[in-house]
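Visitor: Pasting a structure here, questions to come.
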Amino acid sequence: MSPAPQNRQPSGVPVGGQFAATNHAEPGIGLATFGSEEEYQAAVTTALSAAKAYETTDVEEMNDAEFDRLLAKIASHEAANGIEPEHDLHDTIGHGGAGGGDVEHATPMKSLEKPGEDAVIEFAAKHPKAVIEPKIDGLAISVRYENGKMVRAARRGDGYTGEDVTDRVRGVDGLPEMAGDGDYEVRGELYLNDENKAKANAIRQAAGKAPFANARNGVAGMLNKQDGSYAGLFSFAAYSTTIDEKADHLDSMQQLEGMGFTTARSLLPQSVLDAEDPMAAIAALGAERKGLNFLMDGAVLKVNTAAERAELGEGSRAPKWAVAYKYPAVEEPTVIEDIEYNIGKTGRLSIRARLTPVEVDGSVVEYASLHNVGHLQAADMRIGDTVSAYKANDIIPQVHLPRADLRDESSQPWQPPSVCPQCSEPFDKSTELWRCHTPECSVSGRISYAASRDAGLDIEGLGGSIGDALIEKDLVKDVSDLFYLGEDQLAEVELGETSTGGTRTLGQKNAAKIMAEIEKAKSQPLNRVITALSMRFTGRTFGRRLAAEFGTMEALQAATVSQLANVEGIGQKKAEVIHEQLKKNAPVIAKLREAGVNMGAPKAAPAAGAKAPKLTKPDGKPMNVVVTGSVKGSPLGSLSRSGVQELIEAKGGKASGSVSKTTDLLVCGEPGSSKFLKAQELGIRIVTPDEFAQMVEDGEV
C-alpha cells in the first residue's frame with residue numbers, strides 16, 4: 001500500500017507559480033475499482049442517498065469533496081468493468097440526483113464544473129479578465145420578481161424543478177421583497193454566517209438536538225422547518241440575474257447591489273478585488289479565508305462579458321464560461337479516542353476512528369474512516385495517537401500522520417478483531433475487505449436496501465431509523481418479516497425522545513401509511529423481489545436478467561448452476577454464489593410467498609401470429625436502448641431511472657447506460673449532451689422522451 005501523502009501546502013499558497021495540488025487517494029484503492037458487485041451497488045445507493053440528503057435534510061451524509069470523489073470512483077469502476085450504469089448520477093445537473101419539486105425553473109439551474117487545478121489555471125490563462133466570486137457553502141435558490149415584487153422562490157432541486165420556499169425566505173438578509181419595477185429572476189446562495197450559525201445551533205441544543213454538522217446542512221434543516229424557529233437567521237448572496245441579459249456580469253451584480261441585494265462578489269475583501277489576474281485573486285482569497293464570517297470552500301471564476309459567455313455556451317450539466325476552484329484541504333490536529341467496528345449490509349467489516357471533536361474547514365469532525373485492516377496496520381495508527389484530520393478529494397473525513405513521538409510508553413499496536421464483533425463467527429479474510437457472512441450481522445443494511453425505491457420494493461418511509469427500531473425490537477430479522485408487521489406494532493415503535501423528554505413513537509397515522517406501502521410492495525415485479533433478497537450478484541441488472549430468464553421464483557430456485565451461468569453476464573463463479581444463496585434464502589422466500597408477495601408468472605410461449613415485443617429488431621433480438629437526461633414533463637416522468645429501465649426490458653428491449661456502435665435507440669432529454677453528440681456521430685436514431693413514450697404505446701418502434 002502506498003502511504004498517505006506527507007507534504008501538504010496551506011490554503012492559497014502558490015507553489016512554483018501555481019497552487020499546490022493535493023491528492024489523497026485511498027491507499028490501495030485509489031480511483032480504481034470496488035472489490036465486488038455489492039460494494040459497487042452499495043456505493044451507488046450511498047451516492048443517491050447523499051444526493052437527496054444534500055438538498056432536503058440537515059444530515060451531512062457527504063460533503064461536496066466526498067461526493068465528487070465517490071462519483072469519480074463509481075465512474076472509474078464502471079469504465080474498468082464495462083458496466084452500463086442504470087442510475088442517473090452522471091446525468092443529473094443538480095447535486096447527484098437530488099429530488100425535484102413543484103416549481104419549474106425558467107432555465108435549468110446547473111452546477112459548476114470542478115476540474116483539476118491545471119484546468120483552472122488554463123481557464124484563467126484563456127480568460128485573464130475573468131471575475132472571481134466566493135464558493136459559498138449554502139443552498140442555491142432562484143427568486144422570481146414581477147413588477148419588482150417577489151412572487152416565487154424555489155430550491156434548486158434536481159436542476160429542472162425545485163421546492164417552493166417563498167414564504168420561508170421572506171425577510172432574509174440581502175434578499176429584498178421589493179426591488180425595482182420589472183420582471184426578472186435572481187439566483188444565489190442561501191447561507192448562514194458564523195454568528196447566525198452559532199444562534200441556530202443554540203436553538204437546536206436547547207431543544208435537545210445535536211448541532212448542525214456545518215453551515216450548509218444548517219440551511220437545509222432550517223429551511224425544512226416551517227414553524228418560524230429560525231426566523232431571521234438566513235443570509236442571501238446573489239450570483240446571477242436576468243434583469244438585463246445583455247449586460248456584463250459585473251454590471252448586473254452592481255445593479256443588484258444598488259437595488260438592495262447582497263451579491264456574492266460584494267462579500268469579498270478589497271485585497272481580492274484588487275488582484276491583477278484570476279489566479280492572483282484566488283491566492284488573495286485563499287489567504288483571507290479564515291477571516292471571512294461565512295464558510296466557503298473554494299472560488300468561482302466567471303467570464304465577465306455577455307458576448308463571450310454567449311460564444312462559449314452551455315454544457316448539459318454546467319456552463320462553459322465558469323469553473324469552480326477547490327482550495328487544498330485544511331488540517332487540524334486531534335486524538336484517536338477509540339477504534340470502532342461496524343458490519344455493513346453485505347457483512348463487510350468497516351473500521352472508523354472516534355476522534356476528539358475538532359472543527360475542520362467549517363464542520364465538526366468526530367469520526368474518520370480507517371478503510372480496512374491492511375491500511376490501518378500499515379499506517380500503524382493506535383488508540384491515543386495524535387493525528388491530522390483533513391478533508392480532501394477522497395472519502396472523507398480522513399486522518400493521517402500519526403505522531404509516534406507523542407505516544408505514551410504504554411501504547412500498543414492496534415490488533416484487528418479475531419472474530420466478528422457482533423456474532424463471534426470467523427471472518428472471511430480472502431480479500432482485503434474482511435466479511436462476516438452470517439445474515440444477522442447485516443440486517444439493518446439489508447432492510448434499508450430491500451425497501452429502497454431505486455433497487456428494492458419501494459416501501460417509502462421504512463429506511464433509516466424506523467428500520468433500525470424494528471430490528472432492535474426483534475420485529476424484523478429479514479425482508480419477509482416486513483410483510484407480517486401489524487399496524488399497532490408499527491405505531492408503537494419508539495424513535496427516541498421528544499424535546500420535553502418523553503418517548504417519541506411512530507404513531508398511528510405514519511404506521512397506516514407504511515402499512516399501505518408494504519401492501520403495495522407485494523405487487524412489485526419479480527426482478528425487484530430478487531434484488532430485495534440482498535444476495536450477492538443479484539443487483540438491479542442481474543435481478544432483471546434472472547427474472548426474464550426464469551419467469552418465476554420457483555423456476556429460479558430450481559435452476560442448476562449451469563443454467564444460472566448461461567444467463568448473460570453471470571458465468572460460472574457468480575452462478576455458484578447465486579445458487580448457494582438461493583438455498584440459504586429458501587425460508588425467507590417461502591415466507592414471502594406465503595405473505596402474498598409476487599413470485600412471478602411462468603413464461604408463456606408466444607401465440608401463433610402474435611406480434612413481436614415492441615422493442616425488438618426484425619430478427620427478434622432486443623433493441624439496445626439508452627436513456628439520458630431528464631424525462632420529467634413527459635409521460636415517463638413518474639418513473640424512476642430504474643422504472644424506465646424496467647419498462648424498456650418489459651417491452652422486449654435491453655436497457656443500456658452508454659452509447660456505442662451497438663446502440664439502436666437513444667432517448668434523450670438533453671440535446672447537445674455528450675451522449676446526444678456521440679449518437680449523432682454514429683448515426684443512431686434519437687427520440688425525445690415524449691416520442692419514445694408514444695412509440696412504446698403505439699408499438700411503432
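Residue numbers in this text run from 1 along the chain shown.
Using the three backbone atoms N, Cα and C, a Cβ is placed for every residue, glycine included.
Quick paste from Swiss-Prot:
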ACT_SITE  Lys135  active site, N6-AMP-lysine intermediate
BINDING   Asp64, Ala65, Glu66, Phe67, Asp68, Ser111, Leu112, Glu133, Arg156, Glu189, Lys302, Lys326  NAD(+) binding site
BINDING   Cys420, Cys423, Cys436, Cys441  Zn(2+) binding site
COMPBIAS  1-10  compositional bias 'Polar residues'
COMPBIAS  603-613  compositional bias 'Low complexity'
DOMAIN    615-701  domain 'BRCT'
REGION    1-21  region 'Disordered'
REGION    603-623  region 'Disordered'
Visitor: For Arg156 (NAD(+) binding site), what is the tally of other C-beta atoms lying within 10 angstroms of its C-beta?
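Guide: Arg156 (NAD(+) binding site): 27 neighbouring Cβ atoms within 10 Å.
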Visitor: Mean pLDDT for the domain 'BRCT' (615-701), as a whole number?
Guide: 80
Visitor: Using a 10 Å cut-off, grab the number of neighbouring Cβ atoms around the Cβ of Cys436 (Zn(2+) binding site), all chains included.
Guide: 25
Visitor: By a 10 A CB contact count over all chains shown, which of the binding-site residues listed here is most packed: Leu112, Cys441?
Guide: Cys441
Visitor: Would you count the other C-beta atoms found within 10 angstroms of the C-beta of Cys423 (Zn(2+) binding site) for me?
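Guide: Within a 10 Å radius of the Cβ of Cys423 (Zn(2+) binding site) lie 15 other Cβ atoms.
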Visitor: Whole-number Å distance between the CA of Lys135 (active site, N6-AMP-lysine intermediate) and the CA of Cys423 (Zn(2+) binding site)?
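Guide: So the Cα of Cys423 (Zn(2+) binding site) lies 47 Å away from that of Lys135 (active site, N6-AMP-lysine intermediate).
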Visitor: Could you give me the DSSP helix, strand and coil counts for the domain 'BRCT' (615-701)?
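Guide: Taking the domain 'BRCT' (615-701) as a whole: 29 helix, 17 strand, 41 coil.
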Visitor: Work out how many Å separate Arg156 (NAD(+) binding site) and Cys441 (Zn(2+) binding site) at their Cα atoms, rounded off.
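Guide: About 39 Å separate the Cα atoms of these two residues.
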Visitor: Taking the Cα atoms as reference points, how far is Cys423 (Zn(2+) binding site) from Lys302 (NAD(+) binding site) in Å?
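Guide: Lys302 (NAD(+) binding site) has its Cα 56 Å from the Cα of Cys423 (Zn(2+) binding site).
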Visitor: Is it possible to get the count of other C-beta atoms within 10 angstroms of the C-beta of the residue listed as 'active site, N6-AMP-lysine intermediate'?
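Guide: The Cβ of the residue listed as 'active site, N6-AMP-lysine intermediate' has 23 Cβ neighbours within 10 Å.
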Visitor: Expressed to the nearest Å, what is the distance separating Cys436 (Zn(2+) binding site) and Leu112 (NAD(+) binding site) at their Cα atoms?
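Guide: Their Cα atoms are separated by 41 Å.
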Visitor: Helix, strand or coil: which one is the residue listed as 'active site, N6-AMP-lysine intermediate' in, per DSSP?
Guide: strand
Visitor: Can you see whether DSSP assigns Cys436 (Zn(2+) binding site) to helix, strand or coil?
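Guide: The three-state answer is coil.
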Visitor: If H, G and I count as helix, E and B as strand, and all else as coil, what does DSSP give for Arg156 (NAD(+) binding site)?
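Guide: Going by the DSSP assignment, Arg156 (NAD(+) binding site) belongs to neither helix nor strand, so it counts as coil.
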Visitor: How many Å lie between the Cα of Cys420 (Zn(2+) binding site) and the Cα of Leu112 (NAD(+) binding site)?
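Guide: A Cα-Cα distance of 44 Å.
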